[in-house]
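Participant: Swiss-Prot lists these features:
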BINDING   Asp416, Asp418, Asn420, Glu427  Ca(2+) binding site
DOMAIN    102-137  domain 'EF-hand 1'
DOMAIN    403-438  domain 'EF-hand 3'
MOD_RES   Ser200  phosphoserine
MOD_RES   Ser212  phosphoserine
REGION    1-25  region 'Disordered'
REGION    195-229  region 'Disordered'
Amino acid sequence: MAISPRSDATFSSQKSTPSESPRTKKFPLTEEEIFYMNCRAAYLTVFKSSLENIISKDQLYLALQHAGRNPSQKTINKYWTPQTAKLNFDDFCIILRKEKPTSKAELLKSFKQLDVNDDGCILHTDLYKFLTKRGEKMTREEVNAIINLADVNADGKFDYIKFCKLYMTTNEQCLKTTLEKLEVDSKLMRHQFGNHIEGSPERDPSPVPKPSPKITRKTDPETFLNKGDTRSSLLSATRKFKTSVSFTVTMGANGNRNSKLMEPNLIKDWQHMQSKGCFFLEEDGEIISHQYRMQIAQRSMVYLTIKPLNLSQVEGKPSPWLSVDTALYILKENESQANLQLVCFTELRNREVFGWTGELGPGIYWLIPSTTGCRLRKKIKPVTDEAQLVYRDETGELFLTKEFKSTLSDIFEVIDLDGNGLLSLEEYNFFELRTSGEKCDEDAWAVCRENFDTKRNELTRQGFMDLNLMEANDREGDPCDLWVTLHSMGYNKALELTEACPFVIDIYAEKCKPKIKAVHMEACSGQLEKAICKSVLSNGDAKVMDGYENIIVHTYSCDTWITSVIENKSDEKVIIHISNELSKNCINNRGLNIFAVEVGPKSTMVCQHVMPLNERQEWIYYCIYSLIS
């Protein structure tokens, strides 16, 4: 697990000057980057810094309005409960993901209910009654403010078509204004920090010269400030860092092939077990997956691999999620499940396969799958066309569409963990927990076996199809529940798998038959976070904050990704500001170039994972860690 020396991966703390970082081409922002830019623009309209917290309902309401939302009091109360003391910028982003902006069509549909003459207008008396007596009631003054809008009112009538157009135009103008303000502030910050590079550095995969050795190791952002310039209170408020430390890692295109994963000799003679599983992306961006127990009966050489599962039936057109990184952390159980010791992880790679080879003693091991979140992430792009799931023939009988049956077949392939072509109760229950939050008990499973096609007391693929058809029939053809199932499994309205990544684990043992069983489906945190921190602390490059020996930044680099961990040995919490603005051809799991993390006393935390945006080109990781408090 030690990091091997490599000629194309170097650690330094040197900073590139602007003249050394020419930008040759601008790349369009991704939907994800546009989303975060809009979030940041709205947040900074209300606060001086994204490090400030929302501390009241009024602030939350105002920030949501600037983000183009029109939250009701019910919505505000959902996110600001009696137990809420504060919300940070990350919380704000999560809320915006869940609360979609009101569309023009939705507004028109709401007003049209009151349009008795179907002429695009509503009588002021009807509008007044509706707004003051229905739903979340408005005050007389609030209604009068609407009625007094000259552009949309005339002759005692409210022109709701004009109002909707005005509403959408105003929203767009507000967003444009906040984005323009953000760009002005960003240019000012780049100017004051000596960085005149335009655009988003993460979007430029072009090679850049290596950092000049003339720049000193420690970076003090205050030395770059134009001290005579008082235009930005944001800079003076948040950029006075106590100390900083930086890392640079330069990686060649396609990684370093010296560490390529190799199969052991005579592996065909080893005993083999396999299990499938899946990473699922939650609404808040958290990733959950199956977790496993593995039993090794006697000391043996073991070869472990994990890779994304290809479901494509079209030759030459693999499943799009094959680019998602996967890893497997192996922990040994000592006396109890609570006492797990990190043994190794699959750091070697051959294309989409990640693996590890070594000797394991007899015992129980936990296999915890991991993905960085750099590539398995929320897709902001909306899907306009909804796939049809069911149809009726000329007799009125309900059937599943060909497209939906194909999707169900893929889902069956994913949840059939042992790959025997059948679903056991245990396998089916992982599916039920994911889609409904409940388990199927023995009695319900017996009923299922009586009514649907089974083999050896396990559900067949056809039985699984018929089970979903029954669900559609129970709802008289309404596909609502079917869509809940599909969304839970990571599919969008076009039946594309965009928020999940199925994978397959292979275990080979030389001297015994290994056993593997899926036992949980949990968030990729907790034990996994501890395992990642321990592996990075053991194998990474460590740098101490100058003057603060209790704060250490650890950075681990392999051919595929870079992980940083912050260790706080002090008795107080610290806030660390992270800037990736000078990184090239990089993407991180947080989706932000600049962010801050709070590290509790006597604790370690994973700060970020970074991967190349384009693996076929060189990528440069340049990150500055600064102590705020």
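These residue numbers are counts, starting from 1, taken along the chain as shown.
The backbone N, Cα and C atoms fix where each Cβ goes, glycine too.
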Participant: Please list, for the domain 'EF-hand 1' (102-137), how many residues fall into helix, strand and coil according to DSSP.
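Facilitator: Helix, strand, coil within the domain 'EF-hand 1' (102-137): 19 helix, 3 strand, 14 coil.
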Participant: When a 10 Å sphere is centred on the Cβ of Asp416 (Ca(2+) binding site), how many other Cβ atoms does it contain?
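Facilitator: If we count other Cβ atoms within 10 Å of Asp416 (Ca(2+) binding site), we arrive at 21.
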Participant: Between Asp418, Asn420, which of the binding-site residues has the fewest other CB atoms within 10 angstroms in the structure shown?
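Facilitator: Per-residue Cβ counts within 10 Å for the binding-site residues Asp418, Asn420 bottom out at Asn420.
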Participant: Run through the domain 'EF-hand 3' (403-438) and tell me, per DSSP, how many residues are helix, strand and coil.
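Facilitator: The breakdown for the domain 'EF-hand 3' (403-438) reads 24 helix, 1 strand, 11 coil.
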Participant: To test your reading of the Ca(2+) site: which residues beyond Asp416, Asp418, Asn420, Glu427, same chain only, put their Cβ within 8 Å of the Cβ centroid of those residues?
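Facilitator: Here the nearby residues are Lys276, Ile415, Leu417, Gly419, Gly421, Leu422, Leu423, Ser424, Glu458.
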Participant: In sequence order, which residues at least six apart in the same chain have a CB under 8 Å from the CB of Glu427 (Ca(2+) binding site)?
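Facilitator: The list for Glu427 (Ca(2+) binding site) reads Ile415, Asp416, Leu417, Asp418, Ala518, given in order along the sequence.
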Participant: Average the pLDDT scores across the domain 'EF-hand 3' (403-438) and report the rounded value.
Facilitator: 95
